[in-house]
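The active site annotation in TrEMBL covers His512, Asp560, Glu569. Per TrEMBL, domain 'Glycoside hydrolase family 9' is recorded for 109-582. Per TrEMBL, the feature region 'Disordered' maps to 1-26. What TrEMBL records for 71-93 is transmembrane segment.
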Amino acid sequence: MYGRDPWGGPLEIHATDSATDDDRSRNLNDLDRAALSRPLDETQQSWLLGPTEQKKKKYVDLGCIIVSRKIFVWTVGTIVAAALLAGFITLIVKTVPRNHHKNPPPDNYTLALHKALKFFNAQKSGKLPRHNNVSWRGNSGLQDGKGDASFYKDLVGGYYDAGDTIKFNFPMAYAMTMLSWSVIEYSHKYEAAGELVHVKELIKWGTDYFLKTFNSTADSINDMVAQVGSGNTDEGSTVPNDHYCWMRPEDMDYKRPVTTCNGACSDLAAEMAAALASASIVFKDNREYSKKLVHGAKTAYQFGRTRRGRYSAGTAEAAKFYNSSMYWDEFIWGGAWMYYATGNVSYLDLITKPTMAKHAGAFWGGPFYGVFSWDNKLAGVQLLLTRLRLFLSPGYPYEEILSTFHNQTNIVMCSYLPYFNKFNRTRGGLIQLNHGDPQPLQYAANAAFLATLYSDYLDAADTPGWNCGPNFYSTNVLREFARTQVDYILGKNPRNMSYLVGFGQKYPKRVHHRGASIPKNKVKYNCKGGWKWRDSKKPNPNTIEGAMVAGPDKRDGFRDVRMNYNYTEPTLAGNAGLVAALVALSGEEDASRTIDKNTIFSAVPPLFPTPPPPPAPWRP
């Protein structure tokens with residue numbers, strides 16, 4: 001019987017078992033030789049060798065791609081090794097002790113800035129917000145201007161001027177303009193100090209009130225409020241008012257008259273325009289509110305231009321307290337802010353007329369030339385327009401007068417330096433910008449702000465300094481002047497007295513201030529009932545934090561006496577200048593904290609016409 005041999009040869013199958021073992025062995029040997037006589041294919045070899053004899057594959061099938069086994073092994077090994085190394089490093093970092101680098105503590109100027117801003121909270125009139133943070137103050141003046149049947153609906157809000165409870169709109173507007181200017185230039189410093197929201201809220205508290213003092217929605221007006229309250233005590237008058245009475249603002253029960261300006265009102269109206277216009281730049285991200293402020297500023301400025309004259313002229317009560325010496329400086333000051341707020345070149349055309357500068361005293365000189373204050377804004381506006389020349393350089397036809405303002409700014413800065421004899425100094429180093437008259441600190445603070453700001457302008461313009469005659473001075477000299485004046489205010493003086501209440505270990509305790517001197521004890525002291533607190537020699541029961549008092553005399557002497565306002569009374573205008581100086585000097589260790597060059601120009605269009613497009617390419 002034959003069958004097919006799977007190895008290729010004939011295979012005889014015996015049906016019986018009769019063959020011997022030798023025969024079977026011989027037959028198998030014959031079969032082996034027959035099978036080996038032909039080469040085996042791969043399949044046949046696998047049958048014989050079994051799975052242990054398979055070849056090692058050179059590639060790995062990953063499903064979506066086939067890669068070399070060697071590369072695959074190296075890749076996986078590298079990933080595993082990297083993961084182990086990363087885990088080891090993380091373990092070391094977490095277990096090894098290390099020193100934590102904390103942010104440096106705030107400098108003295110930043111600490112003082114927190115205090116100085118708080119003074120404005122203590123001066124608020126009207127219904128106070130919950131977050132006012134002055135525990136001894138409450139709602140007051142809620143009937144101001146109501147029921148008068150005039151062009152205003154009410155005059156609730158705003159700020160009390162000083163230690164009394166009168167709202168003088170002229171210095172109040174100046175104070176708000178100064179706060180706005182400092183925010184426009186140094187908003188990043190306010191933000192770093194955590195005070196940006198706070199200072200903007202303070203500005204808005206003032207501008208909300210200003211919009212009530214005239215018909216701010218109209219295009220033209222005939223009246224404007226100049227003052228709320230009265231302080232006239234001439235000829236021994238005993239009529240209850242804000243100076244005769246010594247009462248907490250919350251307890252006022254006497255009549256508070258409203259003084260309006262409907263004739264000559266140039267200085268007040270232009271200052272009001274400056275306050276609203278500068279604030280519109282601060283609130284430019286709030287488009288509706290900014291637009292409202294700009295419209296009010298336009299109306300106020302136009303009113304001032306058409307009703308020429310000083311608001312305090314004649315028999316006005318303001319002449320006794322905040323007499324304006326002229327209005328031409330306010331025209332330039334207000335016009336500059338109007339130009340920055342609107343971009344309307346007609347304002348720039350107006351304020352750069354040589355006759356305007358001449359009337360404002362830009363070429364006069366004199367003992368008070370360079371003294372920046374609530375009354376005279378010339379030094380401030382010359383610097384404000386020098387900024388325009390440094391960074392935008394508008395050229396003709398503005399270059400001549402802008403160059404003059406720039407040169408005059410250089411002269412003013414020279415006059416602040418101790419190398420020149422324009423202003424005397426006390427032995428302790430305080431510059432006597434008001435020539436020995438009382439209340440010198442507000443003028444020194446303003447000068448410190450201007451000097452620091454001009455230094456920052458020059459640094460931003462890559463200008464290392466300026467010339468005073470044949471001598472060149474670096475910007476560091478200006479900053480050093482500013483630091484010496486502010487340091488004097490903060491306690492580096494012969495008396496080691498900080499003139500900023502609540503700052504340092506030694507500061508005035510008997511501040512001339514009605515609200516601070518009368519305890520909040522649920523007792524209402526009437527007009528004369530508060531006199532016992534006025535005349536007391538004890539320290540004030542309430543600390544009016546952040547109030548910069550009037551300051552020492554020309555010999556560095558100071559009397560902490562409540563009744564002597566020339567030493568111990570703070571003012572809105574004075575504190576606004578100090579706030580501006582403090583924020584300008586704060587954070588000096590961070591070189592990146594300089595001025596904001598562009599925000600003030602956000603509404604200013606290009607001063608040169610757009611160049612025409614290039615001609616089309618030539619085609620043959």
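Start at 1 and count along the chain as shown; that gives each residue its number.
Backbone N, Cα and C define each Cβ position, glycine as well.
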Q) What is the total of other Cβ atoms whose distance to the Cβ of His512 (active site) is within 10 Å? A) 25
Q. Among all the protein chains here, how many other CB atoms are within 10 A of the CB of Asp560 (active site)?
A. 17
Q) Rounded to an integer, what is the Cα-Cα distance in Å between Glu569 (active site) and His512 (active site)? A) 5
Q) What is the total of other Cβ atoms whose distance to the Cβ of Glu569 (active site) is within 10 Å? A) 21
Q: Give the distance between the Cα atoms of Asp560 (active site) and His512 (active site), rounded to the nearest whole Å.
A: 9
